[in-house]
């Protein structure tokens, strides 16, 4: 059956200017490079300065994605920004990016699903494009998690970094098979009973403060490895594909141990896993588009490749999407 597919036609990314290594972090936090690397695989992260807001990073990533696609802002009619660290409570970061790009038309809004935000945003944009409600979409993951970290808590502050990534999706006709380019399927889940395992202890509607990130690491690890397989298996079933058909697995870059344990459980060969957590740290909703941009630019991801993206975030929220690049 001929229908519309949401095809990736461009990608881009943006990082803050300042790169902070584990050794540099150890000068102010009670930790060490060995401690961090052994537990997380992280070697460095990028931290934003006061001028590098979430919308600034998101705008830069969007500009790079548009340039990669050979398009202008006027060609876009939908902007979705996945973020948990917006510049302001309102207006949305997406509208600030829209303004930064010089766009005067289309629709822009934020989507918040923490680390799973980019997968949720891709799934949402796909609905707009597949139904003909939009023709081209900028899907952005942008975060400045350094703003909500407790820098006295070494169990969390060493994990996160700032950055942004973006893709351009374009509606194109497809045959309705797994050989089509574009988003083949997406599967999303949430379970709000797990709030206390990963959350921010503040907010305008509760404490009137920004708050800091709090996490029970072992519980998050257990849930991530235990639950991630359901959405991925569902994506494989819906598309008629298997792990053997996969060219690249691009998961949320939270922790190397979680990523490798998940891949092993799913039967995905480790040489098919895109890992960037060592260079970026955990950038929440930005981590997957950052990783996609790295793998596309270094030649790993090529047109026609079957790519699985997957993430789990606070709530818990989790999801997976299968794309033919």
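Any Cβ shown, glycine's included, is placed from N, Cα and C.
Copied from TrEMBL, the annotated features are:
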- 115: active site (ACT_SITE)
- 252: active site (ACT_SITE)
- 282: active site (ACT_SITE)
- 109-192: domain 'Beta-ketoacyl-[acyl-carrier-protein] synthase III N-terminal' (DOMAIN)
- 237-325: domain 'Beta-ketoacyl-[acyl-carrier-protein] synthase III C-terminal' (DOMAIN)
- 253-257: region 'ACP-binding' (REGION)
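Feature map: annotations from TrEMBL on the structure.
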| residue | record | Cβ within 10 Å |
| --- | --- | --- |
| 115 | active site | 32 |
| 252 | active site | 33 |
| 282 | active site | 22 |
Ask   = From the Cα of residue 252 (active site) across to the Cα of residue 115 (active site), what is the distance in angstrom?
value = 7
Ask   = So what's the mean pLDDT when you look at the domain 'Beta-ketoacyl-[acyl-carrier-protein] synthase III C-terminal' (237-325)?
value = 97
Request  = Work out how many Å separate residue 252 (active site) and residue 282 (active site) at their Cα atoms, rounded off.
outcome  = 8
DSSP helix/strand/coil residue counts for the region 'ACP-binding' (253-257) = 2 helix, 0 strand, 3 coil
Request  = Write out how many residues of the domain 'Beta-ketoacyl-[acyl-carrier-protein] synthase III N-terminal' (109-192) are helix, how many strand and how many coil, based on DSSP.
outcome  = 26 helix, 35 strand, 23 coil
Request  = Over the span of the domain 'Beta-ketoacyl-[acyl-carrier-protein] synthase III C-terminal' (237-325), count residues by DSSP class, listing helix, strand and coil in order.
outcome  = 38 helix, 22 strand, 29 coil
